[in-house]
């Protein structure tokens, strides 16, 4: 059957009924033709998967369609299986780790400097005078000299307490106050290291013991004073005197029964300024105890005012014990040193203005050098004062009007640090490597430990200020060079020397056994030896019955020689000032180097260097 229509282009339009088949039929017929065409040649697997549709059932089983990619079923199964097994193992291992009991990792063993620090602080326990605390931990010591001050010669009636200076029982305020200042400085800078060593409370107890005694030696509640105590006990045996005193007699402090005179002074700028420095530094150590800290600050102000008002050297005259044993060459260095500590303790800029007065620095010898320039000691504090004020410039940079003199102090400090290095010949060294800061004179170690402390501290200052080193002339030196200098010197003292001997009692396998020390050399056997009765213990060749742990002896001679003889104090006598420098150097070198200094505590009382800028003006309104 056919139908005719009109072709719009001018011819008949014929429509076959067969063409009216549905689209589905045409599609099915086309598929049949395509299969027929394809059956004439083989197809690869990919083509079959695309084109053959349902006829590829067997091939489909070998692949997995993931939507965006088709992968081999075998690979897919292996991958999923591996992931599941790995997840199971990871979970199982985690479960075991969580359930097995943990043993805390022990700290690494302490280094030699930390071990020696424990010992060296014990020396101060052995030197305590007065009524001892229960935890003093020196079995052969007891209460002693409880009646100090109980004579008609002084207005200060209670002078029990404090520390004995060395191997005798004299209490000298001048070297003792320097020792306390050094201990406080080391705590202010390195409290974290003391804490890591477990010694922070111990050293603070030592500082408080000394500070409490100083407060007894002048009228600390007054704003102005006209005298203070310089010394308790007498040591002079001039003219062959046989009067019982602290040098003629050889007795345990606990058994002393002879009179102990009190020496007062009325014009002693050096002593008063050093005592002011000690109390000022201690006030920063105890800043969290506000009442006690303010008590120390008030005492320091009173002492410093006295030092400025009543000029004079405490050891003037030439015949006093002070001039014989601890002669002060000048008080100008104490003015700079004490002024710096007073500024840090109070924040009062008048103290900074004084400490940075060029004329004062000139009198103290800051600009002229000399053979002892850079030698920091109980007598001359200039090198320490310059480091202390360089700290101010490095971290606060106060600018005008202080910048010029602070830059000078900073430059002078750099010169002093250069002088410590082996490449420079300012100071000789023994063949064993010990620097001769006192030019071959006896008792060298007290100067060496102070230099080691300053070098390590200045190195830490530079690192904290992100400064890798400093210049000596045209040559640049790393901060590590300073630390290495300090280490070699302290290592010498701890046993790396030609004698193979530690000069710190109780440290190492070999150390002095005949220390010049009354308490350590007389046995605690319930027998009281009188003034001359103890001479047999002074003169015996036997080792001391009591170990004076931590005592750094005076040291070797300029040829590295050492005589372990009790009667020769130039070799075997320890002192408070020497041990304070040792403690400071040891804590600075101890523990991890990355702990570093406490940059901010020393500035706790210092007000902002520059005024706070005013707030911005209110927005303008029409």
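For all residues, glycine too, the Cβ spot is worked out from N, Cα and C.
As annotated by TrEMBL, active site applies to 516 (among others). All chains included, 26 other C-beta atoms sit within 10 angstroms of the C-beta of residue 516 (active site).
Every protein chain shown contributes to the tally, and the Cβ of residue 564 (active site) ends up with 17 other Cβ atoms within 10 Å. What TrEMBL lists as active site is 564 (among others).
Sequence annotations record features per position, and here TrEMBL assigns active site to 573 (among others).
What TrEMBL records for 113-586 is domain 'Glycoside hydrolase family 9'. Mean per-residue pLDDT, taken over the domain 'Glycoside hydrolase family 9' (113-586), amounts to 96.
The region 'Disordered' feature in TrEMBL is assigned to 1-26.
The transmembrane segment annotation in TrEMBL covers 75-97.
Long-range neighbours of residue 573 (active site) (same chain, six or more residues apart, CB within less than 8 Å of its CB): 166, 167, 443, 515, 516, 517, 553, 554.
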